[in-house]
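Chemist: The structure that follows is given in the form of structure tokens.
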């Protein structure tokens with residue numbers, strides 16, 4: 001949520017405005033964590049607490065006034081109607097189902113007066129739409145109220161898989177994501193429902209599951225059913241992750257042809273501004289604060305002929 005706040009302020013300060021944040025912490029903590037970020041650095045504008053539950057961002061005519069709400073109230077109890085909220089970003093990771101009359105869910109934001117809800121993670125039910133920018137965002141309809149923006153892995157993988165599917169026709173694929181650790185892990189060994197995530201995030205490579213097999217066909221619909229799977233490794237970096245995609249394709253191709261298709265896709269069409277292509281020797285820290293959903297590492301592309309097509313490996 002804080003990173004979306006930063007991105008909106010940096011990229012669209014005049015087109016939209018954040019008017020409220022809701023968190024378990026108080027206004028002082030919320031303002032402090034917005035200003036100081038271990039991975040992305042210090043927020044470049046002035047942040048000032050001006051009331052018991054209010055802080056401001058920026059100065060002059062484009063200053064934002066933010067209502068900071070503390071507590072564990074469910075979505076349906078929040079004052080979105082009074083604040084005139086148009087869109088809620090639901091990024092707690094808790095409310096991934098629509099909910100019912102007796103159980104809170106993401107639809108509670110609509111009940112509270114918001115017009116639209118964006119889930120920052122995959123939904124745990126059949127949400128109206130799961131959208132990945134540049135891949136299937138054209139499916140968005142004006143009447144849709146609640147959408148999922150899928151996972152970070154799906155946003156990185158979707159543009160690459162879509163491009164390879166269009167040019168070379170994927171028959172089967174497997175993906176490994178080398179993923180920065182998350183706050184679902186522990187700093188020191190401790191109790192967790194997943195024994196592997198119970199081990200220190202900053203001292204281990206932690207194999208774990210990924211929902212990509214279920215998520216990817218929802219956005220790249222031309223993929224054959226049951227054709228894709230993957231695994232995740234959580235590693236000791238705070239941000240900056242990698243996807244390692246290996247696919248069998250019907251069309252025989254070369255490394256240069258694969259890289260050309262990926263590079264061309266970044267220059268025009270729906271993936272321009274969404275996917276980037278590089279032939280520089282980058283490492284994970286080089287992509288921190290990068291605005292693209294993924295950066296294809298053209299230096300690492302590999303292609304091998306098979307009996308009926310080609311085997312392609314792509315890093316992004």
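Using the three backbone atoms N, Cα and C, a Cβ is placed for every residue, glycine included.
Whatever TrEMBL says is automated annotation, not expert-curated.
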Chemist: Figure out which of 96, 234, 255 sits with 151, 152, 153, 182, 210, 211 in the D-glyceraldehyde 3-phosphate site per TrEMBL.
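Modeler: D-glyceraldehyde 3-phosphate site check in TrEMBL: besides 151, 152, 153, 182, 210, 211, the record includes 234 out of 96, 234, 255.
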Chemist: Between the Cα atoms of residue 182 (D-glyceraldehyde 3-phosphate binding site) and residue 23 (NAD(+) binding site), what distance do you get, rounded to the nearest Å?
Modeler: 18
Chemist: According to DSSP, collapsed to three classes, what secondary structure does residue 152 (D-glyceraldehyde 3-phosphate binding site) have?
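Modeler: For residue 152 (D-glyceraldehyde 3-phosphate binding site) - judged by DSSP and reduced to three states - the answer is helix.
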Chemist: Across all chains shown, how many C-beta atoms besides its own are within 10 angstroms of the C-beta of residue 234 (D-glyceraldehyde 3-phosphate binding site)?
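Modeler: There are 23 such Cβ atoms around residue 234 (D-glyceraldehyde 3-phosphate binding site).
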Chemist: Just counting, how many other CB atoms are there within 10 A of the CB of residue 153 (D-glyceraldehyde 3-phosphate binding site)?
Modeler: 22
Chemist: What whole-number distance in angstrom separates the two most remote CA atoms of the D-glyceraldehyde 3-phosphate-binding residues 151, 152, 153, 182, 210, 211, 234?
Modeler: 16
